[in-house]
């Protein structure tokens, strides 16, 4: 089964080469066709591995004698590679129509070439079984995603977002590299290690370095700021892949680390749990306030990263305290939710891209009334909203239900001090779910319902068929993986962890059918013409509707200490003595807490350090020779001390 991934990689790479030889819409179609073949092979190999492999398979080869590559497949890898295959199929359906409407032939060709490279790197990150290979493919993933964000490089905001993302992703790579060095010092091998204790200093340093690198890449708070910048700047297919798959590759490595690299320890579990709860709650709070549709989805990805980290943290805590069965339940919930999040977030980003293409804006306050004009896109977006809001029987409900069950079961079986911790986590988890519902009622209602607020929204029309087919693939996957979630876990060897949502689905459909039949049979057949109740308004306009800010104002009031605002005034005076005011403006904006108090101070410190170092570059060759001599002396002393 591992052999099936090799032709998939070649198909991906061949798709990336096509724009070199062909141009125009034919190039995009052939590229998408080869991507579709690669995606189909990935799905076939992953599904076979999920059903047939109980241990694992490996394949080994060497790029050079010093760079051995070991690729492997097990059920954990197969679950995430299956997600990658499904997202590939969806994106290859969606992309030709989207790319054809982009401005600039060079940007279109670059996007067409880089997406297959990005997909290949993510697949090989999942399959890697040596730290060297993992870092190599991880860096390819980072660089290719940077160029994908930079596609619309003519825009200054896009350039800033791309380079900010590059700085953060390289910081992530550095942290993981330091962790890999510590792993090598512990095990003496570049293969993935097992059984490292974090009670020793090298083990602790390895865990902290790897976790920090993964937290940055996955967008955990406070390392999250690159997401709200990079996702709106990137093309919608890229945003779908970055949020739906790239974040999951980082979380996949964390799962592999806590289940294989390190012995479960309550300290590491509490660290992961703390970051998970913080990320989930603050991520969804910022999403509620966001007015940019893709920015809202980016903050929602931060929230879901927190949910998954919470499940992983619970697994480590429960396993370390001797509750392996409850820990397994929490880990199943985290992995199931990670795959589910990849599906419904890809769906939401693709449909958000369709909205942007049809209207020319992502500002929720400038939309409205799109469900009449874009019924298919609106319906598909609604499926994603139901899934991300964790409503049964969709897949978002199944993953979160497993984590809730682990929390409640652990609450009944743990010691008093642990019970206090679990009550806090359960409360924060419930708050996250409630705010997610508020967030996506706003996102769907203000975008697709009511009256259009701008001429662009009023003139919107449905996107082409294939741009609906891609999201439709993901919506079907969201529905089926939710309805059959219990059966899926049973096939994988975990029966009884979830209730049968298939039965619940049948009951829901039956209840809806009976309700419709009753209303239809009892309704009057007479035709009546009368004036509808308009709340005292004869002719309501779009200016009378809720705006995004108005809808979320109650939440902002409740959490005012978190939603800190800054009010700035500017005045124009009629006289030089500043006694008589001609006009004035007041600006109210949400303070970017982490940006102002964490990122900018660090950036200023680095800038001042760079200015100081630049003074050493005086252009004098004699000075540079002295620097080299000093460096050699220091190197000799250090190597002698190490020896």
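The count begins at 1 with the first shown residue.
Even glycines carry a Cβ here, placed using N, Cα and C.
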The residue range that TrEMBL labels transmembrane segment, out of 110-127, 398-415, is 110-127
Candidate ranges 296-320, 546-570 [criterion: TrEMBL lists as transmembrane segment]: 296-320
Would you call the transmembrane segment (501-523) and the transmembrane segment (472-495) in contact, using three or more Cβ pairs under 8 Å, pairs 6 or more apart in sequence? yes
